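Record features (TrEMBL):
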- 75-95: transmembrane segment (TRANSMEM)
- 157-175: transmembrane segment (TRANSMEM)
- 187-205: transmembrane segment (TRANSMEM)
- 225-249: transmembrane segment (TRANSMEM)
- 270-293: transmembrane segment (TRANSMEM)
- 329-346: transmembrane segment (TRANSMEM)
- 358-382: transmembrane segment (TRANSMEM)
- 388-405: transmembrane segment (TRANSMEM)
Amino acid sequence: MQRLLFPPLKAFMGSPCLRLLVPRAAPRAQCGCSCGIRRPLRPGQYSTISEVALQSGRGTVSLPSKAAERVVGRWLLVCSGTVAGAVILGGVTRLTESGLSMVDWHLIKEMKPPTSQEEWETEFQKYQQFPEFKILNHDMTLAEFKFIWYMEYSHRMWGRLVGLAYILPAVYFWRKGWLSRGMKGRVLALCGLVCFQGLLGWYMVKSGLEEKPDSHDIPRVSQYRLAAHLGSALVLYCASLWTALSLLLPQHKLPETRQLLWLRRCAHGTAGLVFLTALSGAFVAGLDAGLVYNSFPKMGESWIPEDLFTFSPILRNVFENPTMVQFDHRILGITSVTAVTALYFFSRRIPLPRRTRVAAATLLALAYTQVGLGISTLLMYVPTPLAATHQSGSLALLSVALWLMNELRRVPK
């Protein structure tokens, strides 16, 4: 029995995969001969995985804190990537007017798409009972319906993938003991935000399915709910990315000068402006405000259009008047690129590590690229590929702004 069991077990214990997960043995001291003498191990330091198992009394392995942080950081980096994919896919779904094609919501049942002609006909008949078909798509064919249905289906399935990407590894890391006490709270908040995001998405879709007898406008989801849906996704993305960068990137020990303090504040303010500009894009999309004035830099024949304050009370114009919404988005975009430019030139006056300088330069380049994409999208009457690229650019800009903030963060004493 020993001959059968010990050789495979020995090979398993010596495998390279497991060696990556445990602390390395203390180095051999050179004694001038061909043999080596191991230095005595410190308390809590084990030479093999089997010793860890013997000391702990069970077969589970606890990673060293630094190694565990790297694993968790990489996981959260992947999670933030999946959230970015969901935001981009959601933007394309909105641009192709596909978001109202699925008129009900089931967590498990809707994961199986229609397969037969009869099932597709049934799904199409359900869609025909709602305002979007009656007012906008009354001449739509089944083939056209399949396209918009699959767009919305892809977005929903991707959302479920995002949920699994957060929840399943979180349970695994928690059971393995790879999460610190503070990290457990963050992970719980992130997983809760993922679940909330899914419910908020359906709450948004419901607003576009409601019958409005006195209105003949094109059916669309509430711009308030759309902004809430996008805003919560951006918060989830920023929180995941920030935590991942904090775990993966070593902190710079920068001298705490007055100039550095001002640069840090400017970086925070600039990131906030970029976030607010991206969020205002939800109101532009929700009201189709990108199709109101397709000229730049003027809006029509004037710098300030006359119909900015059409609605009463005045505050309604900020969120419900397409002209005001586009005007606000322009102003926020111009303010953001101005702030990024000032931040870049201010950073040039301070001695900073190379990685931090690269982050500042990348932020500047992306900001002007994003402005160019936005102007082109406006002048060309919002073509879907260009508009989707513009929306993706806002995520890229926000990511680099977070990277620069992370580079400048204060080292805890």
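Including glycine, each Cβ sits where the backbone N, Cα and C put it.
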### Task
Tell me, please, if the transmembrane segment (358-382) and the transmembrane segment (270-293) are in contact, taking contact as 3+ Cβ pairs under 8 Å between residues separated by 6 or more positions?
yes
### Task
May I ask for the residues of the chain that lie six or more residues beyond the transmembrane segment (157-175) and have a Cβ under 8 Å from a Cβ within it?
68, 71-72, 75, 78-79, 82-83, 85-86, 89, 111, 184, 187, 190-191, 194-195, 197-198, 201
#### Entry: Recorded stretch that, among 75-95, 187-205, 329-346, has the most CB pairs under 8 Å to the transmembrane segment (388-405)
75-95
### Query
Which sequence positions outside the transmembrane segment (329-346), separated from its termini by at least 6 residues, show Cβ-Cβ distances below 8 Å to it?
262-263, 266-267, 269-270, 273-274, 276-277, 280-281, 283-284, 289, 299, 360-361, 363-364, 367-368, 370-371, 374, 404
## Note on the structure
If one takes Cβ-Cβ under 8 Å and requires six or more residues beyond its ends, the residues near the transmembrane segment (187-205) are 76, 79, 99-100, 102, 105, 156, 159-160, 162-163, 166-167, 170, 173-174, 179, 221-222, 225-226, 228-229, 232-233, 235-236, 239-240
